[in-house]
Structures are given as C-alpha cells and as structure tokens.
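Visitor: What TrEMBL lists as domain 'Palmitoyltransferase DHHC' is 165-272. The annotation transmembrane segment is assigned in TrEMBL to 70-91, 103-122, 200-223, 235-255.
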Amino acid sequence: MGDHGPPYQHMMQLMAPAMNDASPVNQTLTTVTAVSTQAKEEELEPDDEQSVAEDKKLEYVYCGIDWKPFLPTALVSSTVAGAICVFLIQIPIICRATGMREVALYTTFGVLFLITLGCMMCPRRNMPLSHAFAERLKTRYTINADPGLSRRTRNVSHDIEEGLPQRAHKSRQYDHPIRRYDHYCKWVNNVIGLLNHREFILMVGGFIAIALLGVLMDLWVAILLAEEGSLDAEVAVALHLGYSVALLAVAGPIMKIHFGLISRNELAQEWRSNQHYVANNTSKGDNVYVEELSDDEFNEIFDRGEFIYDKNRNPFDHGFARNCLNFWCKPRWPADSSGNF
C-alpha cells in the first residue's frame, strides 16, 4: 500500500459517517499512552465531552427519533432479507437456465451468509430488543462482545494499577480501557479492539463478497427475467440490486481504508490522532510532525492532502508481510495479551 497516508486520511475525514467511525465516541476517548510501564492519561473535560456527544448525536436524529441504535438491526435485517431473495429467486432461476445443481449454490451462499452474520454477532455489543428478549440473550451477547477490556487481575502485566498498554484507550461504552483500541463501529454498536478486530474485518469482507456476487447475479437474472416477463420477480431483483450496490458503496471504502491500516500496522485511533504523520515544506521545515503545526497551517496542508506517513514514528510497523502475519496469526485471547503488536 506504500508509505503515504493522505489518501486514506482524507477519505477517513470525508467519509466518517459511512466508515463505522462514531465520532462522538472517538472524540470523547481518554487517550492513554504508556512509555515502558508508565501510562499517561489525557481526557476531555466533562463539559466538553458532553457537548461533543450532544452535537454529534443530532446527526442521526430524524423526526425527533435517534435512529443510531437501530443501525445494527437494520444491517442484520437487510442481510437476512437479501439472503432470502437470493435463495428463493436468483439461485433457482440461474440453475434452471444453466442446469447447475442448486445444492452447490445453496451451500456456497449459505456458508458466506453464516460466516458474515456470525462475525457480526461477535463484534457487536447489543441490539434495541425488547427487555425480555434482551435478558435472555444478555449472557451470550456480553460474552461475545468483549473487545479486549483491561481489568484488574492477578499476575497480569496490564493491570490498571501498573499502567496500561501503549495501544489501550478508554471508551464511553465501557468502564475499563480497551486493549489495542481501533475504533467504535456504529453498525455493530460496539468498540473494535484486541479481541474482535479480526472478526470485524472478516465481516466487512463478507459484506463485500455478498455485494459483488449479488450485483453479478442480479444483472444475470434480470436478463433472464426480461425474456420471461415475470414482473414480481423483476421487482424483487431490482430491489436486491439496489441493496447490493448500496452495500458495496459502504463496505468497499471501509475495507480499502482498513487494508491500508493493517498493512502499516496502524490503528484507526492512531490514524485519527495523526500520531505517525509528518509534513514537508512547512514554516518549521521538512519532516515536521503535523501536530506541531499551527491550526491554520495544519488545516491548509491537510486540505491539500499532503500529510505523509512516517514509518519511523510507528514502532509497530515491521513491513507489509509481517504486519499482516501479526494481525491474522498473533494470539489475542491469552489473559496476559497486552495488544502491543
């Protein structure tokens, strides 16, 4: 992906609503930076934190209703509805026209939908369910939702009293800091951290696969239906095509951004705070850390897309191959895992 961050950085700022990134949460984080075992915490003032959250909350308020809590339900419902359409309309028509065995397509798409929805169940925190139903699912969702909390335990190097890991941060969703904090995802209503980051990427990849295959199948089926003249099926396929295009438009840029982050072993939180970016041709010279610039110069250079990723500022960047290997293969579930990799 190269060593330059501006294309991703600029896209992150412009596409924040579509990119899972809940600004009210990320802007109210407590940033915890550790040097060796000593942690330093910097927090927004309570009044500032409350005002930021209230301002950003209005982004999802329509007709006096805050729709943000319903986004996970909308995502699950639309995915299930899309799967039903594929199983009942697209697959039978394609198999009838080509002579393919239905069981092969049913199995392929069934596995794809199950993996995608299964990964979504892991990163999410809760759903706007009825109280009784939520109580029945409370244990299950609470267990699967832990993004990597730092808790006080015996014989664990990241005890709160001993200082937090370097990549741990606090979130308004939890009482304890999150190890290897990446970002807050509004689509699953949970923080993405050490224990659910990989599942989040698999989920996004699954949605991209569903969208791409959906577009191809819908176009093919639309041609077949044009010859048969089945109006009901044509309407269903047209709606599914619109869903597939919208899903691809949302999930595609998200995957592109996170692929760049993973290739540099850079977390979204570090990206948003410009921890690893410098700028050239500034009033202070070249290779200047962007946070040392004045506000006006910072904004001017950012608008030109000239922030440069500096690998030397990221101690966790060990090259593309090793970064990807660590992300997918590094053990995360041991109790003493700090997430500093």
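The backbone N, Cα and C atoms fix where each Cβ goes, and this holds for glycine too.
Those TrEMBL annotations? Automatic predictions, nothing curated.
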Visitor: Could you give the number of helix, strand and coil residues in the domain 'Palmitoyltransferase DHHC' (165-272) as assigned by DSSP?
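Guide: Tallied per class, the domain 'Palmitoyltransferase DHHC' (165-272) gives 71 helix, 8 strand, 29 coil.
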Visitor: Under 8 Å between C-beta atoms and at least six residues away from its ends: which parts of the chain pack against the transmembrane segment (70-91)?
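Guide: Contacts with the transmembrane segment (70-91): 102, 105-106, 109, 113, 116-117, 120, 124, 127-128, 186-189, 207, 210, 214, 217-218, 221, 233, 236-237, 239-240, 243-244, 247.
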Visitor: Mind checking which residues of the chain, 6+ beyond the ends of the transmembrane segment (200-223), have their Cβ under 8 Å from one of its Cβ atoms?
Guide: 79, 82, 86, 89-90, 93-94, 109, 112-113, 115-116, 119-120, 123, 182, 185, 188, 192, 233-234, 237-238, 240-241, 243-245, 247-248, 251-252, 254-255, 258, 262
Visitor: Calculate the per-residue pLDDT averaged over the domain 'Palmitoyltransferase DHHC' (165-272) and state the result as an integer.
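Guide: That region's mean pLDDT is 91.
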Visitor: Sequence-remote contacts (6 or more beyond its ends) of the transmembrane segment (235-255), Cβ cut-off under 8 Å?
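Guide: Tertiary neighbours of the transmembrane segment (235-255) are 11, 15, 18-20, 78, 81-82, 85-86, 89-90, 201, 204-205, 207-208, 210-212, 214-215, 218-219, 221-222, 225.
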